[in-house]
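K.L.:
Per TrEMBL, the features are:
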- A:9-42: transmembrane segment (TRANSMEM)
- A:62-91: transmembrane segment (TRANSMEM)
- A:65-274: domain 'ABC transmembrane type-1' (DOMAIN)
- A:103-123: transmembrane segment (TRANSMEM)
- A:148-168: transmembrane segment (TRANSMEM)
- A:203-231: transmembrane segment (TRANSMEM)
- A:251-276: transmembrane segment (TRANSMEM)
- A:306-330: transmembrane segment (TRANSMEM)
- A:364-390: transmembrane segment (TRANSMEM)
- A:364-556: domain 'ABC transmembrane type-1' (DOMAIN)
- A:402-423: transmembrane segment (TRANSMEM)
- A:429-448: transmembrane segment (TRANSMEM)
- A:483-504: transmembrane segment (TRANSMEM)
- A:538-561: transmembrane segment (TRANSMEM)
Amino acid sequence: MSAPVRKKFFVGTAGIILFLSIAVLVVFVAFPVVLILFNAFWTKGAFNLVDVAAVLREPDTYQALLNSVFIAGGTTIGSTIIGTFFAWLVTRTDLPYKNFMKGMFLVPFMLPSFIGALAWKMLLSPRAGYINRLFMDYFGFDGPVFNIYSYYGIMAVEVMYLFPFVFIQVCGALERMDPTLEESARISGAGLFTITRRITIPLVLPSILSGALLIMLYSMAHFGTVAVLGIENGIFNIPTLIYERIHQSAGSFAAIRTGTVLATVLVVSAAFIIWLQGKVLGKGRYQIIAGKSFRPMELKLRGLRYPLLILCLAYIGFTIVLPTVVIFMVGGLKTYGLPFTMENLSLDNYKFILFDYKTTKDAIWNSVSLGLSAAVITMFAGVMISYVIVKMKVRGKGILEFLGMLPFSVPGSVIALGVILAWSGKFGVNLYNTVWIILVAYIARYMAFSLKANSAALEQVHDSLIEAARACGASMWQSLRDIVLPLVRPGMFAAFFLIFLPSLRELTVSIMLYAPTTRTIGVAIYTLNEDGETVMSAALAGIALVIIITGQTLITGLTGASVKAK
Amino acid sequence: MPHVRLVNVTKRFGTVTAVDNLNFTIEKGECFSMLGPSGCGKTTTLRMVAGFENMDDGEVYVGDRLLSSPAKNFYLPPEKRDFGMVFQAFAVWPHLSVYENVAFPLRIRKVNSAELHKRVTDALTATNLLDSASASPDDLSGGGKQRVALARALAINPDVMLLDEPLSSLDPHLREEMRFEIKALQRRYGFCIIYVTHDQSEAMALSDRILVMRGGVAQQIDSPLNIYANPANRFVFSFIGLSNFLEVHKANNAYRLAGGDCLPEGLAPPPALAGHERLSLASRPAEIEFSDAPNVLRGQVARKAYLGETIDYLVKLGEQSLRVQKARHSPGPEQGTNCGLLLLRPTWYA
């Protein structure tokens, strides 16, 4: 009785879903990555490691590798220290306005770091930077106070935008941590300092390390900041070198080789970092989540309360408010370099960009339509794939679980390069120089977000709910449509915005794939800046900031309202 | 001289008074329980004794040492109070071995290594943990973790032990076993216990005296036996054990069940309560007899259920009803039949 039913089940709906899921991941993610590995290791008709080593030994590539590691290392250390300190400050002390501070420290998540880099260039470039000029013109300095076109400049800017990764992880751990773990140390006779050192820090160490590794992963593969601040001074990291080679030599064999070898290095390091992160967080080590509990004790800062408040406010003012204000001010200037006086400032640039300038109008339209399409497609694909991974018991699921891990470890520049290899006509389809190639790359790039949000939502849906629907006579399709989809709708909603908003400011992938008519907002800001159109670039960046912040606020309001409604 | 003293202790959270003017004392070596429904202020009281919660008024002493007194602007932090404490959720540190968990309070006190080793070994022996000394607490069961927490609290040989629902994370079988282990440890080490629980059988089994609390106010402080046999008020009666309440109205100098018959002769409130028009007649299901005598309550068996060792009856008395529990062997009326009921220990509350 059960045998024929099961057979029908396998080749029927379940089989189709499994096949489609594997197909989506293979076509969009696995195929481009495999092509990169193939191109890197397969030369002159044979598997060839010597050539790979030769490419890595070229001075330019070798230097780019070193730079990536050095910049990522410095950024990670800096962000971890700052993130952990602020997290501790807003969760465990009696700092005033803690909730406001917590919100502000998360703002950099929203801001695109290359726009930040642009702002810092305006403030601290050696000759023209406003801060440097201020010191040279009015305080008698002979040279610039700080040169942002340097390793330390790049690291500083990356730290400003990446430290929230550690901050949010450590905040979460400190808030969820069972307060009796610390109280039992207190009743054992330990003072607050001893408890922090011997109990609290060791217990949240996995969270600190996991946040740090996330930053390492992000910084290694980070394009924007290094592109804006490094290239000027000849500082390249892996992604910027890939971009430079592909861009300059329009698809020559040597450029593709260097690109694929560097991309392989990125993929391997990303996989290694993710593996390491899994180890750190592995096996639910340190279950410190509280059951019922009283609120943890707050350290009384006493005399340090206001100095630390001022430090926090200064940090927020300096790293968030100042760059944002500079972007908007420069965006209002008639010509870059003029002083900020009323007669030099106007809204003309903004009007021009929004209504008259074809390049930027196109860019905004491209970004919005690409973002919407990518978000919708990836959202639905993500639900389907997560459903198979989380809920279905079918043969062949193992392949899918492996493929499902891939999107998490493939950095943007690798995807872009892979997409070029796959969709430039070699395999019968030529999307190069069209918006479609960017769409394909966006889907691959944001699949990880969708898988994460949807699996989390699906794991909340207990199997018995679906089984109950089947027991009531619903077919698999009907139970999916009537039970599963309504229940995972919040996850899909989350996935949509997790994709749509970041795609509006996407740079890494688009910069490698754009054609004159297919610029995105990110590409337009970047190229305007490269072409010396600093004020236009700043004005467009300002508009992008407005769109992003409005969108984010709307979503926070919407999701906040839906949480309250529950 | 009592060992622990709470004098007029009061705690407010905003406009809510969580603990209201609480007074009690605990003798050396005594086991004292605070019992009550959740939100009654028992845990808050324990946390004020421990020093984790500031109080708004009153004083706490151990021996002649003052621990907290808002009036004198004095507050000794928890780490200076030298208590042992065990929490509901174990709170053993997962990054330290069992041995290091227990050694922690001694290391804080800079006990020299020979003495430290001896005392940790003692505490681990007393809690049957010596074999797991080098294990990680995460490899132990719930009961094992709670033993680690106990051993850690024992390590400094405290003379006051604070236990905050220490058994409620354990499964029922283990819970009973651990109760007796705690009692045995107390006899051996001689500390006094302040025990917070919402489980009355746990409080009954362990305690020398019980404080029943409700809404931050002490209801009764007494021995387990007296709490059960002579509850101070209707709340204590209903909170401990199974209980029946019949509403009784006084009209024309006669007492009548609300929505039912007149009370039989001889069943009347004590003179002290004679002035009240409305009264509650309390009884325990196990302290009611079926009777054919003339002067008893009359009712009809609405439900009869076998619960293994006992038979549970629901008897309708007009609009009200009584539960009666009898041993399995004693014969009783069948469902649907009429019966007479004799209350063995009728208790009246206004």
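Using the three backbone atoms N, Cα and C, a Cβ is placed for every residue, glycine included.
Keep in mind the model is a prediction, meaning the values are calculated, not measured.
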K.L.:
Using a Cβ-Cβ cut-off of under 8 Å, list the residues of the same chain that are 6+ residues beyond the ends of the transmembrane segment (A:9-42) and lie near it.
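P.N.:
Distal contacts: 48-49, 52, 256-257, 260-261, 263-264, 267, 381, 384-385, 387-388, 392, 394-397, 399-400, 403-404, 406-407, 410, 414-415, 417-419, 421-422, 440, 443-444, 447, 475-477.
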K.L.:
Counting only CB pairs under 8 A, let me know which of A:148-168, A:251-276, A:402-423, A:483-504, A:538-561 has the most with the transmembrane segment (A:203-231).
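P.N.:
That would be A:148-168.
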K.L.:
Any chance you could find the range in A:62-91, A:148-168, A:364-390, A:402-423, A:538-561 with the most Cβ pairs under 8 Å to the transmembrane segment (A:483-504)?
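P.N.:
Top-ranked stretch among A:62-91, A:148-168, A:364-390, A:402-423, A:538-561: A:364-390.
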K.L.:
Is it true that the transmembrane segment (A:103-123) and the transmembrane segment (A:364-390) have 3 or more CB pairs under 8 Å, sequence gap of 6 or more?
P.N.:
no
K.L.:
Per the definition of 3+ C-beta pairs under 8 A with sequence separation of 6 or more, do the transmembrane segment (A:148-168) and the transmembrane segment (A:62-91) touch?
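P.N.:
The answer is yes, given that the two segments have at least 3 Cβ pairs within the 8 Å cut-off.
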